[in-house]
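First the structure, in the form of structure tokens, and then the observations on it.
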Amino acid sequence: ALEPLSVSLAIGVAWALTGYLSHPNFYCSYVECCPSAGYRINATALKAQLDAKLFGQHLAKDVVLKAVMGFSNNPSPKKPLTLSLHGWAGTGKNFLSHILAEHVHPAGLRSKYVHLFLATLHFPHRDLLKLYKEQLQNWIRGNVSACAHSVFIFDEMDKMHPGLIDAIKPFLDYYEEVDKVSYRKAIFIFLSNAGGDLINKAALDFWTSGKRREEIQLKDLEPMLSVGVFNNKNSGLWHSSLIDRNLIDYFVPFLPLEHKHVKMCVRAEMTARGYAVNEKIVQAVADEMTFFPKEQKIYSDKGCKTVQAKLDIHEDF
């Protein structure tokens, strides 16, 4: 027979061990957990990463940092944070959205709480628009129910069928709850090439007038960008109630990248591959990119999108 003291000790150890193993900090170190109610994004770390990895986008960095800081530090936001990122391919829209997602959920796109939608993959058929709307609503409702801090990224908005995105309007509005679910801590990000021409023209006008690109402010671009996207049938937001009801918090312009920014992308890619930065290769890769306008050749027409592929052919160096 066991002594009473031994039994008591065994029960105590078992109780303590059970409590330790079931503690959220221990459990969440092995299994991904949704952030707690008081979770705050580390704005200092986010800024440092954007400064180190996102080139030529002073405006986008400034707007997104302020928006995220204000949203994350607000214990009771009135609506989810909704950002619409616009600009030509290769300017950093995807990159910024991925970095932001990683600062909410460290696993980033691999997180079960981060959801990426591609218009051409998830919503390819126009005749299934009604079904897509129902599926989209159910998907968002179910995932926000599981984690209030869910992140939803909608890529290829310019290829999305008109009217589809309006299905999520109730979730972006100023409601405390919708069907007993609160969406106020979620983040929605739209990525689109629509409006890129307007942004590029504005940037070129600044350059022509002798102004530095760093002088471009949000007020110089956001009004015409929101109107341009609203009236563009190929924007995914054509005549959208999300714009009409002012539910998109910020229209974030991504400026076209100059020659020096392309070089920065090449250096960053070389460093990421573990190479010593070789300025001859940096210059060679940059020289293989194409630039516009045809006469001045100021801006890369593909941003940094093809830098990785261009660098591949120089690996023997």
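The backbone N, Cα and C atoms fix where each Cβ goes, and this holds for glycine too.
As annotated by TrEMBL, ATP binding site applies to G87, W88, A89, G90, T91, G92, K93, N94. Summarising the environment of W88 (ATP binding site), the number of other Cβ atoms within 10 Å of its Cβ, over all protein chains shown, is 23.
For 257-312, the entry in TrEMBL reads domain 'Torsin-1A C-terminal'.
Neighbouring residues of the recorded ATP site, listed in sequence order and excluding G87, W88, A89, G90, T91, G92, K93, N94, comprise F95, N193, F254, G303, K305 (Cβ within 8 Å of the Cβ centroid). In this structure, G90 is the one among the binding-site residues G87, G90, G92 with the smallest number of other Cβ atoms inside 10 Å of its Cβ. Of all the binding-site residues listed (A89, T91, K93), A89 has the fewest other CB atoms within 10 A of its CB. Its Cβ placed at the centre, N94 (ATP binding site) has 17 other Cβ atoms within 10 Å.
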